[in-house]
Amino acid sequence: MVRIIPMASSIRPSLSSFRFSGGVSTSRFGLSLSPLRLPPHLHFSHLTSITFLWFESFKAFENCGNQGRDASGRKCGTPSTATAQETALEWVKKDKRRMLHVVYRVGDLDRTIKFYTECLGMKLLRKRDIPEERYTNQGFKLRSRSQDSHFVIELTYNYGGDKYDIGTAFGHFGIAVEDVAKAVELIKAKGGKVTREPGPVKGGSTVIAFIEDPDGYKFELIERGPTPEPLRQVMLRVGDLDRSITFYEKAFGMELLCTRDNPEYKYTIAMMGYGPEDKNAVLELTYNYGVTEYDKGNGYAQIAIGTDDVYKTAEGIKLFGGKIMREPGPLPGINTKITACLDPDGWKTVFVDNIDFLKELE
């Protein structure tokens, strides 16, 4: 039996207002920094590096004693972590974020294109070959959806890489179809592999089926009526569900849509996303009772998420315990600004500047 646990509304911390004088400016998350004043004979070009002192307010700065610490015991110039986190949370809630695409590696592009277009009804959006980096990208969408507003699949073929290990951590992709039985019949007729026949989900009434693509990636077919986002979900396994929920809420600004606990089969899932599950692609995090570590393999790569500011995004991720794998900045050649990070379980996510992403599509 599945228990659905309703969630309370997300925390919305309030921010203190700060007032400054004397030319002090604020950083991306409201921390103040003092302007650097140089002697008249010294120009910025003469300096190799410049260090700015960060502090919360003039009062904290002025109250520094001989020991270099303020009244709270912090070193002068050290911002409050709690204040920075509150400011970051407020900005994340206002940022225009959505899931753009999921990326994974395949061993034979022609074979995969044939399967996705004939069996899953997808359409090839674009193909980009990067010979100097020895890989090719393919973008796929379901039906007639446009990539500038819908979640899509991006396949990567690395020259010479014909087989990948999917591991035990990656779960599956979810696709909404209007008739699961008919979809399975078509897949079988095209030579596709069905790993679970159509039928009600365990503990529920929704009709589902499971299939595998030629590289072994699993797809859950979910019977639903017409939906604005047919590519429904990406399922990943995590070792500590509460830790993951907190991280995705605060660092990524996702909403916890619901949790479903299934004690009979010893697992709990959490649906995370940027809008209602019936209208948006979501991230399904699965915790299997007692399992804290998984093998990630080398097939699944990452999810890409749009943001208005990759620099602020990276700062927020650092504040909430994420690991930045690529500092924010433009990609060589195309100038699209991105930043890449790892969550507490090591799952990679790339944040892409919204405006740059649309320019790239054009």
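Every residue gets a Cβ built from N, Cα and C, even glycine.
All TrEMBL annotations are machine predictions without curation.
As written in TrEMBL, here are the features:
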type	residues	note
DOMAIN	98-224	domain 'VOC'
BINDING	E154, H172, E220	Zn(2+) binding site
ACT_SITE	E220	active site, proton donor/acceptor
DOMAIN	230-354	domain 'VOC'
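E154 (Zn(2+) binding site) is surrounded by 20 other CB atoms, counting those within 10 A of its CB over all protein chains shown. Around H172 (Zn(2+) binding site), the same-chain residues six or more apart in sequence whose CB sits under 8 Å from its CB are F210, Y217, K218, F219, E220, M235, listed in sequence order.
If you draw a 10 Å sphere around the CB of E220 (Zn(2+) binding site), it holds 21 other CB atoms from the protein chains shown. The DSSP breakdown of the domain 'VOC' (98-224), given as helix, strand and coil counts, is 23 helix, 60 strand, 44 coil. The average pLDDT the prediction assigns to the domain 'VOC' (230-354) is 96.
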